[in-house]
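What follows is a single structure, written as structure tokens, with notes after it.
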Amino acid sequence: MEAASAALRRCLLLIVLVAAATLLPGAKALQCFCHLCTKDNFTCETDGLCFVSVTETTDKVIHNSMCIAEIDLIPRDRPFVCAPSSKTGAVTYCCNQDHCNKIELPTTGPFSEKQSAGLGPVELAAVIAGPVCFVCIALMLMVYICHNRTVIHHRVPNEEDPSLDRPFISEGTTLKDLIYDMTTSGSGSGLPLLVQRTIARTIVLQESIGKGRFGEVWRGKWRGEEVAVKIFSSREERSWFREAEIYQTVMLRHENILGFIAADNKDNGTWTQLWLVSDYHEHGSLFDYLNRYTVTVEGMIKLALSTASGLAHLHMEIVGTQGKPAIAHRDLKSKNILVKKNGTCCIADLGLAVRHDSATDTIDIAPNHRVGTKRYMAPEVLDDSINMKHFESFKRADIYAMGLVFWEIARRCSIGGIHEDYQLPYYDLVPSDPSVEEMRKVVCEQKLRPNIPNRWQSCEALRVMAKIMRECWYANGAARLTALRIKKTLSQLSQQEGIKM
């Protein structure tokens, strides 16, 4: 695309130069015959026109030849000075070639009308419009040719065309096969770029299923398999690159982390789209799921345990040649968690995540103090007391947010037909789109937390969930549970309830 753009710019520059050469007058002055210029060999120079006239009186004929400056040509398309005069009986003629006025004019009107009409509006318009039309046609032709070449080179298939990926991906290969080969080959950092691009460029988009902070999410198909395609606008290239980079972290793949498939930049001939292809989960986000359905005790434990497992894997550092750095999510909420067909969760939207290098005790990007969703921000983020140099601080902020997600899940747990309506955390304390200051006042100054209904005390599973929540919400981040501890507690609860994950 860059090569095509450069070629187009060169073509346009050439056309402009040709047009300028065609339309701009030459630097040399026009030389005219001048009957009064005896000292200059009867020649004058002008930037306007040459003029000649003949006036017939009762006793003689007066001839006049001279230069007319451009400033005196009023109006420019049909100057008054060049028009014949019926009152004086003068016949006039203006022209724009050297010594073109050194002619004999008849004293009759027909010649003057014919000659002066040479600078009439129709002819003048034709002279000007000719080169302009040529330039426009050449320009449109050039744009059309370059556009067609670009579309052919970067075509987006409107129907599935397996022949496009046959050289790289054998017939009958599924996404599951590709991912399995990748995870068992030892790399663990995502599919090869060529395979990613091949997959992305043979996906057929089906329907838009949502919009987020950085773009739109579509359901697509590749070889009959459904995939999710997150499309970023070109101005969000940094966000797209960052999320793709995090997803391809070595050893990140986990059943409770959204399965990454491919990243590609696609040019549709008009603008560039940045694609992030992942597994498709028809239930959508946990936020959507809880709005639509209530859950059983078993369903609640599966949702909570799988979320904790995903976060524990993110937070965990795996040491070794194929190790994985510890990662903090920084924007954990029910809208960034997806529900799978089997009723478990996977964590998505890693665009704001940060990775920790334990060898140097550094974070891989300069973190912003306040990123993420205000409603889910931990107290230390809201009051700006978080220690940005200490990676554990980011993990503890994730734990606080997960406690709020657990509260959303537990409210929808139906026991004996009794359950609460779905609500966002702090729904009764702040507006629908709260500011940082409004959240800080409630969470830090008033030290309020989401209300835990009394009915939860009548169920062991809900009692355990409530205890975990409270230990996630401590104002002191160091006192909060770790993701691994929460995972173990919920695993014990699932065993007690006889739940198979």
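Placement of Cβ uses the backbone N, Cα and C atoms for every residue, glycine included.
The topological domain 'Extracellular' annotation in Swiss-Prot covers 30-124.
Annotation source Swiss-Prot lists disulfide bond at Cys32-Cys50 (among others). Look at Cys50 (disulfide bond): DSSP puts it in a strand. In sequence order, Leu30, Cys32, Phe33, Ser65, Cys67, Ile68, Cys94, Cys95, Asn96, Gln97, His99, Cys100, Asn101 make up the list of same-chain residues 6 or more apart from Cys50 (disulfide bond) whose Cβ falls under 8 Å from its Cβ.
Of all the Cβ atoms in the protein chains shown, 23 others lie within 10 Å of the Cβ of Cys34 (disulfide bond). Under the heading disulfide bond, Swiss-Prot lists Cys34-Cys37 (among others).
Secondary structure at Cys67 (disulfide bond), as computed by DSSP, is strand. Annotation source Swiss-Prot lists disulfide bond at Cys44-Cys67 (among others).
Other C-beta atoms found within 10 angstroms of the C-beta of Cys94 (disulfide bond) number 23, with every protein chain shown included. What Swiss-Prot records for Cys82-Cys94 (among others) is disulfide bond, and it gives similarity to another entry as the kind of evidence.
What Swiss-Prot records for Cys95-Cys100 (among others) is disulfide bond.
Taken from Swiss-Prot, the feature topological domain 'Cytoplasmic' covers 146-501, and the record attributes it to sequence analysis.
According to Swiss-Prot, the domain 'GS' annotation covers 173-202. The average pLDDT the prediction assigns to the domain 'GS' (173-202) is 55.
Residues or ranges marked as domain 'Protein kinase' in Swiss-Prot (evidence: sequence analysis): 203-493.
What Swiss-Prot records for Lys389 is SUMO cross-link. Counting only same-chain residues at least 6 apart in sequence, none has a Cβ under 8 Å from the Cβ of Lys389 (SUMO cross-link).
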* Across all the protein chains here, work out how many other Cβ atoms are within 10 Å of the Cβ of Cys32 (disulfide bond). => 28
* Would you count the other CB atoms within 10 A of the CB of Cys37 (disulfide bond), including those on all shown protein chains? => 16
* C-alpha of Cys82 (disulfide bond) to C-alpha of Cys44 (disulfide bond): distance in Å? -> 18
* How many Å separate the Cα atoms of Cys34 (disulfide bond) and Cys44 (disulfide bond)? -> 6
* Specify the secondary structure state of Cys82 (disulfide bond) as given by DSSP, simplified to three classes. => helix
* Structure fact -> Note: in the chain of Cys44 (disulfide bond), residues six or more apart in sequence with C-beta under 8 angstroms of its C-beta are Gln31, Cys32, Cys34, Cys37, Met66, Cys67
